[in-house]
Amino acid sequence: MTPLRKTNPLMKLINHSLVDLPAPSNISMWWNLGSLLGTCLILQIVTGLFLAMHYTPDASMAFSSVAHITRDVNYGWVIRYLHANGASMFFICLFLHIGRGLYYGSFLYLETWNIGIILLLATMATAFMGYVLPWGQMSFWGATVITNLLSAVPYIGTDLVQWVWGGYSVDNATLTRFFTFHFILPFIITALVALHLLFLHETGSNNPLGISSQPDKITFHPYYTTKDILGLFLLLLTLMSLVLFSPDLLGDPDNYIQANPLSTPPHIKPEWYFLFAYAILRSVPNKLGGVLALLLSILILMTIPMLHTAKQQSMMFRPLSQLTYWLWAANLLTLTWIGGQPVSYPFITIGQVTSVLYFITILILMPTASLIENKMLKWT
């Protein structure tokens with residue numbers, strides 16, 4: 001008798017995606033990140049749903065409603081810190097997932113790659129709006145500074161900022177609309193994830209060698225379901241260690257002070273996962289130039305398939321390209337560190353050098369290294 005998963009239309013869909021999916025036999029732990037991102041997304045939606053039941057999106061009550069969740073709601077503190085630190089885990093997995101795609105040449109699957117970048121932008125927007133909701137000092141001033149960047153748009157900039165704010169400053173209208181978008185965006189992200197997977201399953205997964213996987217494939221279940229469980233345990237172990245031992249490690253102490261439009265915090269900075277982009281923004285003295293550099297720091301990922309000059313897909317056997325890749329990764333970590341430092345010497349200079357190096361590595365060094373390798377292998 002044919003199993004139900006092969007006959008029922010709905011079960012067939014799940015079966016082709018999670019059970020009988022043909023997968024390359026040699027994919028490493030770096031291919032676990034997709035399932036971990038799915039886990040993070042589900043965790044964020046579930047915890048967010050429970051938080052929304054107790055949260056009040058009103059400027060006069062938002063801060064105290066978060067305090068109420070933490071103190072009075074049954075296990076409210078666990079739900080709150082799972083949601084806050086779950087976002088950090090989400091971004092760690094996202095950055096590693098993108099890094100894996102760059103290293104092993106997965107960006108050559110154009111549709112999957114471009115939807116992935118749209119997913120990154122949607123996730124960043126969701127996280128930014130979520131950071132505003134507790135209505136602490138860093139929430140308020142972070143929202144003021146970042147939304148103010150829209151005023152750099154020529155001619156319509158000021159109108160655009162006031163339209164986003166719903167008034168002449170960040171206030172109740174801003175908080176309400178940010179809560180609305182923060183609630184709806186994860187469901188849009190879920191739809192984009194479905195598209196991401198749809199296009200991925202059209203081509204099949206890449207593998208570390210960067211060669212065709214067609215001659216040697218195995219079913220996703222039980223091999224990769226079992227393998228993914230290890231990654232899942234490591235993710236949950238890290239997350240629960242953060243939540244139960246040091247829940248505020250990645251947060252900002254200023255956010256425990258209620259939002260006050262009359263008092264500016266000494267250092268306004270976003271969450272750690274935006275610091276690299278924030279460092280690039282601050283490195284350009286001109287406002288419009290800074291905003292463009294900020295946008296390009298993410299959108300430059302869309303140009304990578306066009307800049308791919310190598311004759312091999314993966315970087316596994318390309319030592320020069322590996323060198324440029326790890327230079328870029330170290331540069332990204334330096335930018336993250338600089339973004340959290342005050343605007344003073346030597347941090348300004350380091351920020352400007354690393355910002356320029358970020359773009360040079362992607363636009364010049366990586367394609368040049370690939371061309372040199374082609375020449376050395378006599379593949380020109």
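Any Cβ shown, glycine's included, is placed from N, Cα and C.
Per Swiss-Prot, these features apply:
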{"type": "BINDING", "residues": "His83, His182", "note": "heme b b562 binding site"}
{"type": "BINDING", "residues": "His97, His196", "note": "heme b b566 binding site"}
{"type": "BINDING", "residues": "His201", "note": "ubiquinone binding site"}
{"type": "TRANSMEM", "residues": "33-53", "note": "transmembrane segment"}
{"type": "TRANSMEM", "residues": "77-98", "note": "transmembrane segment"}
{"type": "TRANSMEM", "residues": "113-133", "note": "transmembrane segment"}
{"type": "TRANSMEM", "residues": "178-198", "note": "transmembrane segment"}
{"type": "TRANSMEM", "residues": "226-246", "note": "transmembrane segment"}
{"type": "TRANSMEM", "residues": "288-308", "note": "transmembrane segment"}
{"type": "TRANSMEM", "residues": "320-340", "note": "transmembrane segment"}
{"type": "TRANSMEM", "residues": "347-367", "note": "transmembrane segment"}
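Calculated from their C-alpha atoms, the gap between His182 (heme b b562 binding site) and His196 (heme b b566 binding site) amounts to 21 Å.
Counting Cβ pairs under 8 Å to the transmembrane segment (226-246), the top-ranked stretch among 33-53, 178-198, 288-308, 320-340 is 33-53. With a cut-off of 8 Å on Cβ pairs spaced 6 or more residues apart, the transmembrane segment (288-308) and the transmembrane segment (347-367) reach 3 or more such pairs and are scored as touching.
Of the listed binding-site residues, namely His83, His97, His182, His196, His201, the sparsest Cβ surroundings within 10 Å are found at His201. Below 8 angstroms of C-beta separation, residues 69, 79-80, 82-83, 86-87, 89-90, 93-94, 96-97, 100, 183, 186-187, 189-190, 193, 228, 231-232, 235 of the same chain, each at least six residues beyond the ends of the transmembrane segment (33-53), sit close to that stretch. Under 8 Å from some Cβ of the transmembrane segment (77-98) lie the Cβ atoms of residues 30, 33-34, 36-37, 40-41, 43-44, 47-48, 50-51, 66, 69-71, 116, 120, 123, 127, 130, 235, 238-239, 242-243, 247, 250-251, 271-273, 301, all in the same chain and six or more residues away from its ends. Calculated from their C-alpha atoms, the gap between His196 (heme b b566 binding site) and His83 (heme b b562 binding site) amounts to 24 Å.
Note: the CA-CA distance between His83 (heme b b562 binding site) and His97 (heme b b566 binding site) rounds to 21 Å.
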